[in-house]
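Enquirer: So Swiss-Prot lists the following for this protein:
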type     : residues                                       : note
REGION   : 1-20                                           : region 'Disordered'
COMPBIAS : 1-12                                           : compositional bias 'Polar residues'
REGION   : 205-244                                        : region 'Disordered'
BINDING  : HIS428, ASP466, LEU467, ASP495, GLY496, ASN530 : S-adenosyl-L-methionine binding site
REGION   : 652-689                                        : region 'Disordered'
COMPBIAS : 679-689                                        : compositional bias 'Basic and acidic residues'
Amino acid sequence: MPAKQSRSTAESRTAPHSYRERVNSTVELAALVYRPLTASGALLSILRGKLYRRRSVRNVLDVVAVHSISGGQGHSAESKVRVEYLAPAEGNANGNSISNIGAAPCADIQGSSDIAATGNSLSTPAQPALLEGRCKMCLLDPTVLKATELWPDPASAAQHRVPVFSLGAAIAGSHVTQQLEAALQAGQLSRKAADLLQQLHERLSRGPSSVSLTEDRDGSEQPQGSPRAAAAPPPPSSKRRASYTGAVEVTFTPRAVELNYQAYTMSELLSMVLPLREHADLVALSGFEQVGHIAHVNLSAAHLPYADIIGQVILDCNETVSVVVNKVDAISSVFREFKMDIIGLRCRTDGVDGNAVAGADLDEFGEAGGSLTAAERQAIALEALSPTYSLAEARIHRLLTATVRQHGCSFRVPYNRVYWNSRLSFEHTRLVDRMGPGDMLFDVMAGVGPFAVPAAKKGVQVFANDLNPVAAQYMKVNAELNHLPANSLRVFNMDGRDFLNSVLFDSVTRAADAPFPGHLCTGRRHVTMNLPAIAVEFLDVFQPLSSTCASASGQQCNASAAAIVNERWNHLPAHVDPNAIDRCTLFHVYCFSAAEDLITDAVRQVEVNLGYTLPPENIEETLMVRDVAPTKRMMCVSFTLPPAFWENLLASRPGQGEEPRGAHAETASTLVEEEEVEQAAKKAKTDKM
């Protein structure tokens, strides 16, 4: 299904790049500056969970403290951010100072030398050193301490500077208390900031083995010995923080941080740029499906005027995405692909005219690096022979062909021309894990091979079919891409009923003399029918002849036309050895259900389309695969054909002296009534996507 490069609507669209300027802002944070650098391990461990966290914003910075009285000597740029704070004057223990110090980014200061650390000594130094030289600056989360909370009176903050304090095991607790109280009395520090410094001092003084506070998993602090703290010991593999027993010089300063669009998550950006409060119908996007480099969204009518902005936000926040598409209509095609619009495109290669950016090395097919397989080149060459072929459409096809990894396999997915659902990855793995070497897999609706390719890679002999010729071609591409052994995956392009009536019939009954030479089933045969909207309807090929008057659509049909559908499984050739028939073939059929009893409803859908009741011993497993909608579930029924079916098939063999039992009335325990078949067909039609 062709994808459009852009939408033509009556509504005007906002320029996609304009949102970036709209989210620019500046936030002022409280920052803790400390030295020596050797105390970083201990301090950062204590501050874990308390630092400012924002994308693309460093919360721990290297800075160099210099005397303000130097007049900025040695700084080449007048626009440098300078933070000023007080250093304790000589002989003044309370921290009041007559000397100012400034801090500038470390990378911008040349020739600065570190002041010698106070050392790992337990004795209190005679006089703390000035906070000068290389330091660390930690940006604090506003929930811990705001910039406006550094001083008691935020209105007079411009006239205040925070003193330098000496903390740690080398400083007596009484001295620290004296420093903090003096700063509080002088209005140079708020009580909240003083409490934080007091906590830092206590944690540094006691060391890692006797810390009085322990962090919970959510970053909150719990008293030592509390039930939550005692119940959550550190994991054995975690590293204990290094202790630091020297003095640490610290101070606070406000720090202005400029935030641009790179600082926000995708959901935050969308909430900021979309007028959610102005339009009740406009809700925040919950996410998107990613298929290789393609992001797929389902936009409502209210979102469409902002489609380009949404596409650009997704590109900006997800480096692995280069194309964003919007699903335009519901899936209605017989091939199960859907119409889509391209609403976001990363500037690498123009998807329409093929103009590449500088330095891009594209081959004649428009593929970077010449990574196409021989089968894929053949598929593209065949497309070029079509009377409706156009270069623009071919470029779109290449742009929307993704490479996906699942089960340790690589899949080339022409996303705009086949059906692919990444949410079924777990189900693909679950089913393939049930198979092994010697088994056979008959995949009736195989797509590009999410079941078939990994099964073949495990040594399973695979016969895979899809009605979509593009899907069938790309199964061959994926077989080559994953270096599958020759003939391990045989690909068919036919209707699913024809596949069941020919390939599966010949294999199960051995009706044909060596239909596939060299393929011998020493394990179990599996049949997958993963098209939940209509897969159960294909089971009508197994119905007894008396049940063929109701078509799959619930409308009465011509008896001779209906007989064609299930004639093969009601007439066993005379040369077939009944003992050679494989009656253990396991079917895995998918369907949708909105019933309260999901399991019963799923089994009943199988029975009414099959035309037989399934005894409990024939139902190996029934499970819910995933939620499709609030009241709709995807189900999988794994079963073998019941004894009544095989009795009916054997009775149809020429020379048995009786007609197929399905041609006559049968008990309700064996055959499902035709009226139920018609009702189930109507229900299945309602459940379609």
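Cβ from N, Cα, C; glycine included.
Quantities reported herein were computed from a predicted structural model and do not represent experimental measurements.
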Enquirer: Could you tell me the maximum Cα-Cα distance in Å between the residues recorded as binding S-adenosyl-L-methionine, namely HIS428, ASP466, LEU467, ASP495, GLY496, ASN530, rounded to a whole number?
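Expert: The span, Cα to Cα at its widest, is 22 Å.
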Enquirer: Non-local Cβ contacts of HIS428 (S-adenosyl-L-methionine binding site) (under 8 Å, 6 or more apart, same chain)?
Expert: GLN406, HIS407, PRO450, PHE451, PRO454
Enquirer: Give me the non-local Cβ neighbours of ASP466 (S-adenosyl-L-methionine binding site): same chain, 6+ apart in sequence, Cβ-Cβ under 8 Å, ordered along the sequence.
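Expert: Set apart from ASP466 (S-adenosyl-L-methionine binding site) by at least 6 residues yet with Cβ under 8 Å, we have MET445, ALA446, GLY447, ALA472, MET475, PHE492, ASN493.
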Enquirer: I'd like the Cβ neighbour count for ASN530 (S-adenosyl-L-methionine binding site), meaning other Cβ atoms within 10 Å of its Cβ, all protein chains included.
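Expert: Cβ-Cβ neighbours of ASN530 (S-adenosyl-L-methionine binding site) within 10 Å number 24.
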Enquirer: Tell me, how many other CB atoms lie within 10 A of the CB of ASP495 (S-adenosyl-L-methionine binding site), whichever protein chain they belong to?
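Expert: Result for ASP495 (S-adenosyl-L-methionine binding site): 13 other Cβ atoms within 10 Å.
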